[in-house]
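According to TrEMBL:
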TRANSMEM  6-23  transmembrane segment
TRANSMEM  58-78  transmembrane segment
TRANSMEM  84-105  transmembrane segment
TRANSMEM  142-160  transmembrane segment
TRANSMEM  166-185  transmembrane segment
TRANSMEM  215-234  transmembrane segment
TRANSMEM  246-265  transmembrane segment
DOMAIN    300-325  domain 'DUF5808'
TRANSMEM  326-347  transmembrane segment
Amino acid sequence: MLTAITLGTTLILYIILLITYKTQAKYKRGMLFAVTLPPHAVEDERIQRVQAQYNKQLMKVCIVMGALLIPLILLYNLWGYQTIYMLVWIIVCVIVFTVPFRTAFKETLGLKRDNDWFVGAKRVIHSDLRVEQLKNERSAPMSLYLIPVSLNALLTLWIAQFYMTIIGLAICGWVMTAICMLTSLGMRGTKAKVYSENSEINVSLNQAKRRAVSYMWLWIAIVENIHFALLILLLTNENEVMNGTWLTLVLLFSIVPVGIVLNGYRKFHALEQEVLEHDGKQIYSDDDEYWANGFTYHNPHDRSLMVPKRVGIGETINTGTLAGKIIMGGILGLVATVIVGTSFLIIRSEITSPSLTITPTHQIEIDYPMYSVQFDISEIEAVTLVDTVPSGSKTNGEATDKVLRGQFRLKELGKSRLYLFKNNPPYIQIKLKDSYIFYNDQDPLVTEKRFEEIKQSIDNRF
């Protein structure tokens, strides 16, 4: 199951990158490889050679990155290392896919400058329109964010009352809603774009885009709250038959935001094309010098924080502004921290097993990173050696094909802590006042020895 989820995640990214970069070899909206060109330049033999070379290089990248997915499948029995390999593969994939594009971008830009293929009079100008004060009139009212905020509040109350161990999901919900709200506000402040010499068309298209984007982020905020609710149902589900259903819904909802973004920009581009075709006065952009490699924008003379992307859809950050530098640095730092931190925890989990010790002060300590527990022997109501563990659901911990570690809810027993090697009986079952603890060692003989030590300590205590 974990291998299927991991492989599915990487394949989705692989397909998105392939589609994004494959389409860059086609002349669209006055651009080829994110370089603005007049239509006649695309017919030049040298440009066509760049296109052919780009397609060959991109195909090689696809084959290599596809082949590098094979080890991901072979690591099915080593969950921790499989996860680390997936993170590394994602980073390498994102970087490698940009290599053919950057090469084609530089060659195309060089040919453009050598042949004076500047669009000239058809230059797009990012400036204030005479009716710019109307640009946000039709955006989604911020008061509509009361919907995802209310959903967040309900999720938080639900988790706080019944599943406090996974309160982090509620926090993630608040963070996601805040990100959507702030992004929506930030994109409303982007400069209006001149599409035509007709100011009425400019006003109409800018209003339409801001309206589409504002509602897009609102819907993402709502969908993500539903996504978190489904994730909670999956983590707290005690009916094994429903695990597949909840997991399927969670995976499907993870794709919905991508669909919302693609659909929103697809509709706007269709509207843009329709309006400009009727106007007949389309103006193309020619500010290539601010796109260092075609997909990042750095213009210290432009105060806009976000500008339309040349590769892919949506907006990108202008790293030429102070705010842009801070945001981009924060994003890169956060990503690096998450990847390094996650890798460290996974490696430590793989090489560290829980250890049970009885202290001279009659305390039982089970030591394991993030899920350690300690209690007095006098708190034990019963201790038995069992060959099976009731089924249940994880609330906070690790559940792989090999181990179960952390906090769980078990059928008929309720709240429990598990420190188990799966399918490796016997297991020590310790009953406390309001919970259970299950423990075993990889060696069954050691498990039996620990059980006898606990029983002896209880007898000596009383």
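Backbone N, Cα and C atoms are what each Cβ position is placed from, and that goes for glycine too.
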Under an 8 Å Cβ to Cβ limit, what residues of the same chain, 6 or more beyond the ends of the transmembrane segment (246-265), are close to it?
1, 5, 8, 12, 16, 212-213, 215-216, 219-220, 223-224, 226-227, 230-231, 233-234, 237, 313-314
Determine which recorded stretch among 58-78, 84-105, 166-185, 215-234 has the most C-beta pairs below 8 angstroms with the transmembrane segment (142-160).
166-185
Please figure out which one of 58-78, 84-105, 166-185 racks up the most CB pairs under 8 Å against the transmembrane segment (6-23).
84-105
Considering the transmembrane segment (58-78), which listed stretch of 84-105, 166-185, 215-234 counts the most C-beta pairs under 8 Å:
84-105
Report, as numbers and ranges, every residue of the chain located at least six residues beyond the transmembrane segment (84-105) whose Cβ falls under 8 Å of a Cβ in that stretch; write 'none' if there are none.
6, 9-10, 13-14, 17-18, 21, 24-25, 33-35, 50-51, 53-54, 57-58, 61, 64-65, 68-69, 71-72, 75, 291, 293-295, 311, 339, 342-343, 346-347
Pop the mean pLDDT for the domain 'DUF5808' (300-325) in here, whole number is fine.
80
